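What follows is one structure encoded as structure tokens, with my remarks underneath.
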Amino acid sequence: MFEGAMPALITPFTKDDRIDREGLRRNIAFVEEGGVSGIVPCGTTGESATLSALEHEEVIDIAVECAKVPVVAGTGSNNTGEALQFTKHAADAGVDGVLLISPYYNKPNPAGLLAHFKKIAEAVDIPMILYNVPSRTGQDMPVDVITKLAKVENIVGIKEASGSVGKVSQILEQTIDDDFVVLSGEDGLTLPIISVGGSGVISVAANIVPDKMSGMVSAALKGDYETARKIHFEIAPLIRALFLETNPIPAKKAAELIGLASGHLRLPLAPMSDANQLKLVTELKKLGVMK
């Protein structure tokens, strides 16, 4: 179930900062038409940090209600109790799995990381994917912590965004007997990560070019690296443009530019600069996704 290209969904907002429910449904339909294998609401790209608890639950409810593909909901927090609350709600809502970010800001030691994830896994019987993103959390989850957690029955994988293919290789090497899934957390490293045994990507770019991301991942998983490399190099300039500023600022603007929901952001995120928007437009036009 947890393989392929899965967009980390954008959460569209109205101009008065409310959740754009119809926009969210429209965005989900768009990525599904592009062939994605699942969707991931309430992650970094979904501006989960500025969603209230009720909004967080509402976004997950909408995703489950309208999705035709598996839903993996972001339910992590730097507060174990809150992460547990979000995870219980997501399980009750009918998601297929949850994504749990490593606690951020408070930077727990290895014992704290193990206790945090084990407490949630023991309390809620649902497949769980860890999320290691040091650029956001302030710490890189150690390989030995990951391999210990891989032995917990319902911790089934990790989204790895440390930027190290070597680390991914080490995780796969040390969890080879645990049926543990590694998903890329960086669009640009998806192909190399699949080449060492990764199963796919939780992707920002799949919000904009779901067909191309799905095509690249599908080809790579089948061993057709010639086709996968061709798509990888085709979309690489757009991927770079989507990270000219803090994610999801460019991704939301790109979605708006190609006719999806509004790119309105919640503070403290602000619109991208005119110069960077011009670069983004150039890449969207090159790929033919924007007229």
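A Cβ is built for glycine as well, from the same backbone N, Cα and C atoms used for every other residue.
Note that the structure is a prediction, hence the values are computed from the model and not measured.
So that you can see what the record holds, here are the features copied from Swiss-Prot:
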| type | residues | note |
| --- | --- | --- |
| SITE | THR44 | site 'Part of a proton relay during catalysis' |
| BINDING | THR45, ILE202 | pyruvate binding site |
| SITE | TYR105 | site 'Part of a proton relay during catalysis' |
| ACT_SITE | TYR131 | active site, proton donor/acceptor |
| ACT_SITE | LYS159 | active site, schiff-base intermediate with substrate |
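Secondary structure from DSSP puts LYS159 (active site, schiff-base intermediate with substrate) in a beta strand. Proximity of TYR105 (site 'Part of a proton relay during catalysis') to non-local residues of its own chain (separation of 6 or more, Cβ distance below 8 Å) is seen for ASN78, THR137, GLY138, given in sequence order. Counting only residues at least six positions away in the same chain, the Cβ atoms of ALA8, GLY74, ILE101, VAL133, ARG136, ASN247, PRO248 sit under 8 Å from the Cβ of THR44 (site 'Part of a proton relay during catalysis'). All protein chains included, the residue listed as 'active site, proton donor/acceptor' registers 26 other Cβ atoms within 10 Å of its own Cβ. In the three-state DSSP scheme, ILE202 (pyruvate binding site) falls into the strand class. Around the Cβ of LYS159 (active site, schiff-base intermediate with substrate), a 10 Å sphere holds 28 further Cβ atoms from the protein chains shown.
Across the structure, TYR131 (active site, proton donor/acceptor) and LYS159 (active site, schiff-base intermediate with substrate) place their CA atoms 5 angstrom apart. In this structure, the CA atom of THR45 (pyruvate binding site) is 14 Å away from the CA atom of LYS159 (active site, schiff-base intermediate with substrate).
Secondary structure at TYR105 (site 'Part of a proton relay during catalysis'), as computed by DSSP, is coil.
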